[in-house]
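Participant: For reference, the structure I am asking about is given below.
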Amino acid sequence: MRRQLQTLVQRKFKVLLLLLLLLAFLLHVTTDLALPESRRLCSCDAKAPKAMGTPTGSPLLANLEKLSLRILQDFSGSNGSLEKSSQPQGAGPRGKDGDVGIRHQHGDVSPAGAKGSKLAALFEHPLYNIPLPEVKDKDKLFVVNPMEKFSLWNSGSDEWVSSSKAEMVLPTGKTAYDTYPAWLKFHVGINRYELYPRRDPLMPTLLQDLATMKIVSSVQKSGGTQLKLIMTFPNYGQALFKPMKQSRDQETPADFFYFSDFERHNAEIAAFHLDRILDFRRIPPVSGRLVNITKEIRDITTDKKLAKTFFISPAGNVCFYGECSYYCSTEHALCGKPDQLEGSMAVLLPDKALAKRRSWRSPWRRSYHKSKKAEWELDPNYCTQVRRTPPYDSGHRLLDLIDMAVLDFLMGNMDRHHYETFEKFGNDTFLLHLDNGRGFGTHSRDETSILAPLQQCCSIKKSTYLRLRLLATEPYRLSDLMREALAADRLAPVLAEPHLQALDRRLGKVLAAVGRCLATAAQPHQVLVDDIGSWL
């Protein structure tokens, strides 16, 4: 009798469960049919990547069927990035990617109208939507047919190989443009006016690759006073790795000469974001990364000289020091904890075998001597001499140099002895702001001599001055913008808080210097050189 009763209860329970499931199914169908078609489609599209455990825009989607790949390419804008750089900024529909800094999950970008995002508001401002001249084929670093394909070949250039002459690969030949890796699209997008577009949908993927992509080769970069490594990825992209040498809150001692200072990995990261916020866009993209010294350097290096410098410290940490002319010895070894080491990863520019660059000695180069001073430090009228010297006697080269001086002053970088340009564009092009590792070394002192080009020439681009004024206002406070941008990096916090506060203080001094020039100038246009016309 008891067994019959249990069987009856079980059957009734199963029937009740089936009825509930059927009711839930009918309710779901009814609700779905009641929604507008557009909302149903958006819901499905949004859920698809999550169902696979893959974030939107992730490179893992490249392994899906062709339809999914096509959607990913449309989302990233990769099939049109070559043409977008030739359009006036702000002239067409605005992309949703690249408007704001990357979030903690690299690849996710805040929408342009993100509530509370000062970066989003900044990049919507008219000063950050001034159109560029039309980019013609002659203005592009590389002119390629998007339908052609690339193949890979080995380069003998010394620019990207270590002292061990390890091989690397470069693009030539043929492959469909949509299949190019992010680093190659970055190279192809370089033109006479900018290193990368303001609204670059490629930037999230590029930064994500730098921070997460597998490293297949690590060799030491030849030359230089301090250790730097060339990292190679499976997609043949390469990055310059600068390892962590000191903590973020450690200031350079006041008795140190600028040429004896360490190169800081976090300064490279912060410089990239500051350069972008100033709308110069002349520093190659940089991301922070935590590297495993054992698996991602020692075990895979083909550089025999580098391999000989690894050892285990008394504390049990993996260390190495490489070979260079200054800080490469057991006393200056780089050690992991036990083998994890922070560093900056910067996208390498195209090899000089494909895109020649010209190195220019800065007119305001320091003496790099412990007692001698440079000519500009002794002659207050030094700028008059510079203005008579090519290429500073025409065009915008001198104004670009003053832009660079403003950037360096904000960072506290005294080590700008040279700068580079792409040879193809002659003198009518932007300056590359490379090697920024000696910035952000001090926050309690401001080296006003860095502003000598501005102070002595009393000239600055009108667009630069207006942006600097904007960054001094509360809605667009420079320190807040940098804090927001750097919070996206995997090594956040990138800068100690006093360095962020120093940015606002130094910005005030730049504006004060321009103010003094305006107060003594016969005509304001002699100080604020109009480079935007009547666009605003």
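Using N, Cα and C of the backbone, Cβ positions are placed for all residues, glycine too.
Those TrEMBL annotations? Automatic predictions, nothing curated.
Straight out of TrEMBL:
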type	residues	note
SIGNAL	1-31	signal peptide
REGION	78-113	region 'Disordered'
COMPBIAS	78-89	compositional bias 'Polar residues'
COMPBIAS	94-107	compositional bias 'Basic and acidic residues'
BINDING	Q226, K242, E263, A346, V347, L348, L349, E420, D435	ATP binding site
BINDING	E263, D435	Mn(2+) binding site
DOMAIN	310-522	domain 'FAM20 C-terminal'
ACT_SITE	D415	active site
Participant: Could you tell me the C-alpha distance between E263 (ATP binding site) and D415 (active site) in angstrom, no decimals?
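Facilitator: Cα-Cα, rounded: 10 Å.
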Participant: Hey, what's the Cβ neighbour count for D435 (ATP binding site) at 10 Å?
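Facilitator: Within a 10 Å radius of the Cβ of D435 (ATP binding site) lie 23 other Cβ atoms.
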Participant: Measuring CB to CB from Q226 (ATP binding site), give everything in the same chain under 8 Å that is also at least six residues away in sequence.
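Facilitator: Residues satisfying the criterion: K245, F262, E263, C324, Y326, Y327, C328, G437.
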Participant: Rounded to a whole number, how many Å is the Cα of D415 (active site) away from the Cα of V347 (ATP binding site)?
Facilitator: 21
Participant: State the count of C-beta atoms found within 10 angstroms of the C-beta of V347 (ATP binding site), not counting that atom itself.
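Facilitator: Step by step: centre on the Cβ of V347 (ATP binding site), count other Cβ atoms within 10 Å, giving 24.
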Participant: Over all pairs in Q226, K242, E263, A346, V347, L348, L349, E420, D435, the listed ATP binding residues, work out the largest Cα-Cα distance in Å.
Facilitator: 20
Participant: Can you work out the mean pLDDT of the predicted model over the domain 'FAM20 C-terminal' (310-522)?
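Facilitator: Taking every residue of the domain 'FAM20 C-terminal' (310-522) together, the mean pLDDT is 94.
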Participant: Provide the number of Cβ atoms within 10 Å of the Cβ of E263 (ATP binding site), excluding the reference atom itself.
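Facilitator: E263 (ATP binding site) is surrounded by 24 other Cβ atoms within 10 Å.
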